[in-house]
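Residues or ranges marked as Zn(2+) 1 binding site by TrEMBL: Cys450, Cys453, Cys490, Cys493. The Zn(2+) 2 binding site annotation in TrEMBL covers Cys459, Cys462, Cys477, Cys480. The domain 'Helicase ATP-binding' feature in TrEMBL is assigned to 227-393.
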Amino acid sequence: MTLLPSQIIEVAVPLPIERTFHYLVPSRLSEATAPGKRVLVPFGNRRLTAYVLAIVETADTTKLKEILDVLDDEELWTKKELEFFRWIASYYMHPLGEVLRTALPAGINLQTRKSQGNEDELSGGRSVRHETWFRAGNGTEPQRTLGTKAAALLEFLRQDGVNSAAELRRRFGQCTPQLKRLEELGLVEREQREVYRDPFRNEASVRDIPRVLNQHQQTAFVQISSSLDRHEFSPFLLHGVTGSGKTEVYLQAIAHALEQGRNALVLVPEISLTPQLVYRFRARFGGGIAILHSGLSDGERYDEWRRIRRGLVRIVIGARSAIFAPLEQIGIIVVDEEHEASFKQADNLRYNARDLALVRGQLEGTTVVLGSATPLVTTLYAVEQGRLGLLELPTRAGGSRLPVVETIAMQGIKSTISPQLHQSLVETVAEGGQAIIFLNRRGFATFLVCGECSQPLTCPNCSVTLTYHRQRRQSVCHYCDYAVPAPGTCPSCGALELKELGAGTERVEHDLVELLPQARILRMDSDTTSGKGSHNRLLSRMADGSADILIGTQMITKGHDFPGVTLVGVISAEASLNMPDFRSSERTFQVLSQVFGRAGRGDAPGRVLLQALNPTHYAIQCAINHDGAGFYQQELEFRRETGYPPFAFLAAIGISGTSEQNVGQRSEVTTALLLQLKNKLKLRIEILGPAPAPLYRLRGRFRRQILLKAHSRNDLRRLITDWLSHRTPPAAIREMIDIDPVDMM
Ligand SMILES: Nc1ncnc2c1ncn2[C@@H]1O[C@H](COP(=O)(O)OP(=O)(O)OP(=O)(O)O)[C@@H](O)[C@H]1O
Ligand SMILES: [Zn+2]
Ligand SMILES: [Zn+2]
């Protein structure tokens, strides 16, 4: 888009400012300026990167400043994408400039400098990697002066066209002086080509062909592909029990979109946990796939981003931030494991990629498939209301059955592993089967408690106990990484005797090694998977049968397909039930169902042993009976009675700071203001709090929460908008808004 001299643009700046700004474009820059690019602008007494949103037709030009520079050669975003980002900014009540900054790959901002105002001043990314290529030129050759190697090089380039410097060196050995000479003579020309770092490097993939779909898969596939043929927004829930072959449906649906010349966006909870899924996509489709996830270096991420932007990619697979991928011509968006809380970003722009998939799908007129064995209660409710189409896979794809779950009463049992579980493990390993042992707590002991004064060891920065890690010989805070040598002494009374309370995965591993000295045992939790590729190594040892037992946290529950696993053991059924969060029943049902679902996926039937103190809760009972419908009914009733989603919309306002007194005062002031505005506007909103957050102290900050509950999203928006315009900017206090909060800790 070409600009005439003295045209005006609307820009957003990456600062906590709600509004957008206007600038003049001097004629020397008008050619280069376009919506979707970044520009450098004077802002107060500093210079800032700003994002061009639009070219404005009319505005008062008298007070406008001129932009200083255009930072991008190519547009970063299309108009459609900018529209999507405006929607996000408005919905999450977050400054548009910060939304845009969040949407950019980190690598593009490598050159971040701190300038006078202590604000980030950004300039164009520099992390593009180049490679030198040579081609034959038009110069006439003075035959006699060319050496043999130079002549051979020239001949080769004339025959073979353009070649990279690396390729020429491979064929001719060291040839830099010859190439330089040829270039001086105009006989060869040099060009710089951008190269993309390949996150799949060194990974071969085997070609895989589509499977014959079973009847349920076929029905689901037909519905998805006919919605693709209609080229309009159509959202579905693909509700398939564990092992029902949802991935195969995604693969074939995506193949259909590709045949139409359209592209696919696939969101997964955390890619490093699902290498199998990425592997299957590559095996099916070969190249043209970009992956975006936290394990990439900034450079790799930026490269993937540019490959997508330039249309070199047909399929993007990524964790939540992939919802911002600059993919055009999208035909289908898949959200795998749609129930996972990790689709919600926990700080700054608190977006939910699962929800945004529906928004982007609507803006772009695509098919959206949300897949899960344990969908959110709110998702099932949306199906009931007719807002999502339902596709069901009620049976396992390979014909195997869901495992039988047996409960083991743990009253009076002191050890982590009951005699029954021990016995079953011995039998499973003897028969050549594999087992998965689940406990959603890492470390050795949950915490240490003083034998003299009974004080538990707690974190000085957070209101939590320290977890004892035996191998590291430390007691560690899982929130801020504070650590002290352990076992150590009691910080309250100096006593030497500290007792271990509660068990973590490290303890379970220790006990299992003692109980089954012959078994090959692996542990997978965030302590054993910090190294690059470590997930992959652990998972492939399970896959190729070189391990017998895998112990792990919720990491092991996610989508893994190990046909050899016939036994699943759960150390504590109630572990996730007592969280102070209205979703704790739902999470318990989901995590138990998912971990049960790892058993018996192959030919041999699966068995689950569930250790429990009190398994009467409906979340546990429904999981035991694989009764998703029953759980939904009871949970919906609970939500109706307590007034939580889907029967209310929520927004949380979090207030935090290092001074307990200031945080307390500010939260009272904020609550009073909210109440006053609510009454003035006559809105029907419940204002709860200010209450101390369940994690009252986190990384040295005190935290209080105000929860807003409303029947109308509009009322909620009106109140918050009004509050934002009335509140005084908090000093030394952070006050954040969380729309549709997921984690209430
Ligand atoms: N039509 C089919 N015929 C035979 N086997 C199939 C078919 N479809 C899928 N499978 C196999 O069934 C197994 C389970 O499939 P997949 O992993 O896709 O299930 P899923 O629904 O994603 O499970 P989960 O939700 O537990 O992760 C895989 O080994 C897959 O190869
Ligand atoms: Zn003590
Ligand atoms: Zn801490």
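Every residue gets a Cβ built from N, Cα and C, even glycine.
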Euclidean distance between Cα atoms of Cys477 (Zn(2+) 2 binding site) and Cys490 (Zn(2+) 1 binding site), Å: 16
Cys480 (Zn(2+) 2 binding site) and Cys493 (Zn(2+) 1 binding site), distance between Cα atoms, whole Å: 24
Near-site residues: Zn(2+) 1, ref Cys450, Cys453, Cys490, Cys493, CB cutoff 8 A to centroid: Gly451, Glu452, Ser454, Gln455, Pro491, Ser492, Gly494, Ala495
Sequence-ordered binding-site residues from Cys450, Cys480, Cys490 with Cβ under 6 Å of an atom of ligand 3: Cys480
Env. residues of Zn(2+) 2 site, Cβ within 8 Å of mean position of Cys459, Cys462, Cys477, Cys480 Cβ: Pro460, Asn461, Val464, Leu466, His478, Tyr479, Asp481, Tyr482, Leu698, Arg699
Integer Å distance between the CA atoms belonging to Cys480 (Zn(2+) 2 binding site) and Cys453 (Zn(2+) 1 binding site): 26
For Cys462 (Zn(2+) 2 binding site), nearby residues of its own chain (Cβ under 8 Å, 6 or more apart in sequence): Cys477, Tyr479, Cys480, Tyr482, Leu695, Arg697, Leu698, Arg699, Gly700
Integer Å distance between the CA atoms belonging to Cys459 (Zn(2+) 2 binding site) and Cys450 (Zn(2+) 1 binding site): 15
Three-state secondary structure, Cys490 (Zn(2+) 1 binding site) (per DSSP): coil
Other CB atoms, at most 10 A from the CB of Cys490 (Zn(2+) 1 binding site): 20
Listed in sequence order, residues with CB under 8 A of Cys459 (Zn(2+) 2 binding site) and six or more positions away: Thr465, Leu466, Cys477, Tyr479, Cys480, Tyr482
Residue, out of the binding-site residues Cys450, Cys453, Cys480, Cys493, whose Cβ gathers the largest set of other Cβ atoms within 10 Å: Cys450
Local Cβ density at Cys477 (Zn(2+) 2 binding site) - other Cβ atoms counted within 10 Å: 21
Listed binding-site residues adjacent to ligand 2, that is, members of Cys459, Cys462, Cys477, Cys480 whose C-beta is under 6 A away: none
